[in-house]
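Participant: Structure provided below as structure tokens; questions to follow.
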């Protein structure tokens, strides 16, 4: 714990207790009312510090709900725990800061306060302006049951029972329920893995799988619900139209009657929605009661003895032989098959997302969604099984409906179960002309019921409740999608109104879509696509649960435990299979739309971070493959140039970053290293902000690289840390890339000594080394500070982006003067594979003797062909060993003159002291020992000017200065001489003298 100094108390504040804890801020806290000797003085009510930290004098705090919530409670400032710096670093006596950390007038709201919601809070006393919130029964179970029940229950389930038989019908029901139950378990797991806000299915998928899949599903799910409003409304309108025609009172004509009734109905539903969720919920309860009454009416009807009219239509109340006959299938018609019946029934098992879609209007979504959804699935399944079994026990498959078809004495045979009940339907049964019976009459439930109009009312309730649920779901899901701004031009519809933040604009948009499809009246074509959109949602919900489980992320901790990742995977696969079983072409369209929207979001790359399981999966894959690389032994064929680039802040040297990323992009590792020089205590607070900003800059520039920074006392020690600690396992840098130090002649000699020391350290650590020089320089920050003219700034901008543009039909000149293992050849080969450098011609220059030029050229060409690099143009330099021109030699001598010791006539003690104080200076002995190397660099600079003045890039072997024998100033003079007069960028490369190229296949 971080201890606070105890301020002295005035004498009159002292009590008789043995221990006394003073207040943190002296007069800022109220003094104790009195000293009570019956308890230690540090337990008095005046010490709020005790309430927080068990009486210890510390700013550390106990666990509290508010420390983990995203926002504060309404009307109260947000509480935060002390930072690590507050606890660990030197404590400053800043009264306001300490008081904010330690003093809490609420006397320690601790972990038990987690019962209070942090944003949509549900306090025990409801405030006047508090939004309406629903429990699991009214908010989820009833809503899901109403959305699951539909016209198929009333008009198609008896027919499916007649076709498939009771046994296979139960199998169809249970298979459908298995899919929805697995999805319900997945929803329950996802919805209990953290606080769920508004947005329903879209929110669950997007926060689990990320914005890419979540955004695409959210958009099509909202659209599917909007069209679902039209589908259910048209179902209601068709029933009303049939009633009008039955009583001879049509409005206009059959098609326009549907349009008129549909538009009027959806307008009424819109008005209910706009009235608020409270009124919408009351309407749903009313519809639920109507359906319950219709069910009771049906069950009572099955118990009433059949009238003559009902008997003529095939109803004879419960009989065992009818039940036995209807156990087995009797396939008829085009759809007469198991999968045909399954495809017709399955949509009636969907609708389980209705409760989750209003997650923002639930009191406790984590409790309401699992309990309400699973209970809705259970009770609707019971209702389907019960209706299938009861109606299959009461009604025969074929009946004429003619009351005159009673049994009469005569020679004609009588076939079928009806014969045993005094009815002869043999003729219509043989001719397949029966109009009634379980397999022929869709209104069988109405016929069986005690009062047929109540079944019609049930159909009305089922269709209207489903339409209302779809209208609310479409608007709520779309509102959340708009707020996340994953797609353009939709933010207008995200605004909420009133205490419940009702999506009024979303309601109006869903209303417009519904009216459009009602007027089009071509729902038979669009309905299969909509069904597949819902199945896409089921598949992705199940996959979300599976993926979150399989990644083993510590953040996946659902409080609902009754799920299985393998069951979720099965649910995802079977949902896709069912899509194709229902309508294969609609499945292809649905998947195509999802992929299109997915690719759009991937292309746009929205700046959101929801901690998705995709991110966790990426980490798992990266970790698994990184560990797996440890088992792979190094091989020349698998060599990759993995670069540690000393960029400092990457945006200071954009050209260097661009150049290296050209040959490492999608190929190998690139780390941008940054050494922050200074005392660690002062620089540590900068690290996190600096790293985040530079990583964003790399991402914005589309550079696939890592950023790594260290704090060190000087550059050299910092780079040593980077070279030893950067990377992971086999993914460690093997090349150090640095920019050329242009100001070496005017800079402090110690910095030059550090710079050359970095190169020596790289060779000691078995790194290859690349030194990059551009005539304009690499550090744009210097240019921004020194240049003031617009022309100069434009030139710097062009130089900083030179490697982002195509290099044209110039040349890449490689001076492969010394064999370093092949790195000098490999890097230009990798560059040439990129589009920007693909048009450049590569020329290879090697040293040689004038009398053996052809032989040496052929030998190098043969070697290059074995390397399969595609380099065919080779030039031998026979004059490389000639003496340089005198003027160039003189310029080199003038360059090193300020750095010479001139120790020829000085005593040994003086020379030793000078060398100790100025190790970068060059003695006369070192001049003489390195004279041949120095002249070689001068001569090579002349050759570079002769051959490569107009090249796009010059690559040559980096000379090596022996440690202790070549002072830093002399080595810098070599590099300066090689590159100072060249217009093209120059890259000096020296590998670690190990092979990186091979012509063997193993």
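Going from the start of the chain as shown, residues are counted 1 onward.
Using the three backbone atoms N, Cα and C, a Cβ is placed for every residue, glycine included.
Feature annotation from Swiss-Prot assigns phosphoserine to 41, 47, 71, 89, 124. Swiss-Prot lists 44, 48, 53, 58, 122 with the feature phosphothreonine. The annotation transmembrane segment is assigned in Swiss-Prot to 136-165, 166-187, 219-241, 254-278, 279-301, 337-358, 370-391, 452-475, 506-520, 526-542, 566-585, 586-597. Annotation source Swiss-Prot lists Na(+) binding site at 146, 149, 462, 465, 466. Feature annotation from Swiss-Prot assigns topological domain 'Extracellular' to 242-253, 302-336, 392-451, 521-525. Taken from Swiss-Prot, the feature N-linked glycosylation site applies to 404, 424. If you look up Swiss-Prot, you'll see 414-419, 428-434 marked as disulfide bond, on the strength of similarity to another entry. If you look up Swiss-Prot, you'll see 613-628 marked as region 'Scissor helix'.
Context for these features, please: burial, neighbours, distances.
Facilitator: Cβ neighbours within 10 Å of residue 58 (phosphothreonine), excluding its own Cβ and spanning all shown chains: 19.
The DSSP secondary structure for residue 465 (Na(+) binding site) is helix. The local packing around residue 465 (Na(+) binding site), expressed as other Cβ atoms within 10 Å of its Cβ over all shown chains, amounts to 29.
Here the topological domain 'Extracellular' (242-253) returns a mean pLDDT of 82 for the predicted model.
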Participant: For the recorded positions listed here (146, 414), tell me which residue's CB has the most neighbouring CB atoms inside 10 Å.
Facilitator: 146
Participant: Please tell me which one of the recorded positions listed here (58, 414, 419, 424, 428) sits closest to residue 466 (Na(+) binding site), measuring Cα to Cα?
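Facilitator: It is 428, whose Cα lies nearest.
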Participant: Sequence-remote contacts (6 or more beyond its ends) of the region 'Scissor helix' (613-628), Cβ cut-off under 8 Å?
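Facilitator: Long-range Cβ neighbours of the region 'Scissor helix' (613-628): 208-210, 212, 544, 547-548, 550-553, 555-556, 728-731.
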Participant: What is the number of other Cβ atoms found within 10 Å of the Cβ of residue 424 (N-linked glycosylation site)?
Facilitator: 21
Participant: If you take the centroid of the Cβ atoms of 146, 149, 462, 465, 466, the listed Na(+) site, which other residues of that chain have their Cβ within 8 Å of it?
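Facilitator: What remains near the Cβ centre is 145, 147, 148, 150, 232, 287, 291, 351, 461, 463, 464, 469.
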Participant: Count the Cβ pairs between the transmembrane segment (337-358) and the transmembrane segment (526-542) that lie under 8 angstroms and are 6 or more residues apart in sequence, then report whether there are at least 3.
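Facilitator: The transmembrane segment (526-542) and the transmembrane segment (337-358): touching, yes.
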Participant: Here are the disulfide-bonded residues: 419, 434. Which has the lowest count of other Cβ atoms within 10 Å?
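Facilitator: Among the disulfide-bonded residues 419, 434, the sparsest Cβ neighbourhood within 10 Å belongs to 419.
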Participant: What stretch in 166-187, 254-278, 370-391, 452-475, 506-520 has the biggest tally of Cβ pairs under 8 Å against the transmembrane segment (566-585)?
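Facilitator: Answer is 166-187, with the largest number of Cβ pairs below 8 Å.
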